[in-house]
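In what follows, a structure is listed as structure tokens, so that the remarks can point back to it.
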Amino acid sequence: MATIVLGAQWGDEGKGKLVDILSDEAQLCCRAQGGHNAGHTIVKNGITFDVHILLLTEGCTNLIGTGCVVHIPQFFKEIETIEKHGINLHDRVLISDRCHVDLELHTKVDGLEEVELGKASIGTTGKGIGPTYSTKATRSGIHIADIFNKAEFDRKLRHLHHGYSKRYGDLLQYDPEAEIAAFNDYRERLKPFVVDQVPLIESAVKSDVRMLVEGANALMLDIDNGTYPFVTSSNTGLGGVFTGLHLNPRRIKETIGIVKAYTTRVGSGPFPSEQINEIGEKLQQVGREFGVTTGRKRRCGWLDLVVVKFSNSINWYDAINLTKLDILDDFDEVKIATAYEHNGQELSSFPANLEVLEEMTVKYETLPGWKSKTVGLKEYHELPENARKYIEYIEKFVGVKVKYIGTGPGRESMIVR
């Protein structure tokens, strides 16, 4: 049976902490989509780790699923970093041979595409993720499996470079022969990690292996359902889990939505509840809202339950993990976005039209703050009354139980109801 953990907002909700906790009981921990544009900061035994493509887990085997794109230098860098801190990953990391390869070429193109867009730039992480998914969709990409056929790999890489050179000319500063030489080194080192995912997952399902799946990014960055075009290039919701991992949809134990107690977003794009004022600055500073992958300041605002309810309508959560509740401890009052109005009419859901998003008005419910420290609390009844009312308001509005409540950065700071 599989437990699935998905971001319910625009990413950076704190998925890694719950994944780290749940991985204690899991045997196979999987990524279904995305690449090293994801990022987690994990605090364990007083040591802080940042990971991007791997799942940092003690006991279970890591699988980078078919729906992912893999930057090979970053993959080896993370293994080296994690093992340096005493966590043994030997025989515990696997990559599907059907993943696509995120090349340095893709990274170069990512930067050029952003420059080309000018003021309409997406604000990508610059990691080559979008161009890699683009070449996948145009059937000109490179599978992990292709790496082990040197002649085919070299041909495909040169062909990609030729196509991009025709588009960008001298603006593309890239040497295909240097990357080919790098992969001559990676080829043998990579072999022990690569597997055929299909029989692996089939065997795991039939053997009732305990699986844990983490979706990268979050629903509002989904290529189909997010704030397009200000999104990532993969399906970040529940659908992406099934296409990226070949799971049996009838063997899902629980789908958990991760919801930050307020809202943040990195990069460009609509953000209805954003607070470009002292409230936003306070959330940013107290919450230490800097992107793990990019280092950029995150935009901050009040919790938007229109977003969370929309996310639940697509991902069908069984439970919610509310993270970073403690960041709101010192607010006199807290606001929750509960509805959008456009031309005097209340919208029934989160709109697809960017003009509507720009023009609409956000309606808020104001609740009293609790002005009391929640950091490190481990029992629900220990929370201040107003903090409990905040949580129960969320439950009633979205229609999903808040099962996990984060009260600090450490993995031990988690209330389970």
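Positions of Cβ are set from backbone N, Cα and C atoms, glycine also.
As written in TrEMBL, here are the features:
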{"type": "ACT_SITE", "residues": "Asp12", "note": "active site, proton acceptor"}
{"type": "ACT_SITE", "residues": "His40", "note": "active site, proton donor"}
{"type": "ACT_SITE", "residues": "Lys136", "note": "active site"}
{"type": "BINDING", "residues": "11-17, 39-41, Arg298, 324-326, 406-408", "note": "GTP binding site"}
{"type": "BINDING", "residues": "Asp12, Glu13, Gly14, Lys15, Asn37, Ala38, Gly39, His40, Thr125, Arg139, Asn217, Thr232, Arg296", "note": "IMP binding site"}
{"type": "BINDING", "residues": "Asp12, Gly39", "note": "Mg(2+) binding site"}
{"type": "BINDING", "residues": "Val292, Thr293, Thr294, Gly295, Arg296, Lys297, Arg298", "note": "substrate binding site"}
Distance check against Gly11 (GTP binding site) for the binding-site residues Thr125, Asn217, Arg296, keeping those with Cα within 10 Å:
Asn217
Rounded distance in angstrom between the Cα atoms of Gly295 (substrate binding site) and Asp12 (active site, proton acceptor):
12
Nearest to Asn37 (IMP binding site) in three-dimensional space, by Cα, is which of the recorded positions Asp12, Gly14, Lys136, Arg298, Leu325?
Asp12
Taking the Cβ of the residue listed as 'active site, proton acceptor' as the centre, count every other Cβ atom within 10 Å, in any protein chain shown.
28
Site with most surrounding Cβ atoms, counting all protein chains shown within 10 Å, from the binding-site residues Asn37, Thr125, Thr407:
Asn37
Any idea what the Cα distance is from Lys297 (substrate binding site) over to Thr125 (IMP binding site), rounded to a whole Å?
13
By a 10 A CB contact count over all chains shown, which of the binding-site residues listed here is most packed: Gly11, Gly14, Gly295?
Gly11
Candidate binding-site residues Thr125, Arg296, Arg298, Leu325, Thr407, pick with smallest Cα gap to Asp12 (active site, proton acceptor):
Arg298
Using CB atoms and a 10 A radius, I'd like the single residue among the binding-site residues Lys17, Arg296, Lys297, Arg298 with the highest neighbour count.
Lys17
Cβ-Cβ neighbours of the residue listed as 'active site' (radius 10 Å):
19
Name the one residue among Thr125, Lys136, Arg296 whose Cα is closest in three-dimensional space to that of Leu325 (GTP binding site); these are the recorded positions.
Arg296
If you count the other Cβ atoms within 10 Å of each Cβ, which of the binding-site residues Asn217, Leu325 comes out on top?
Asn217
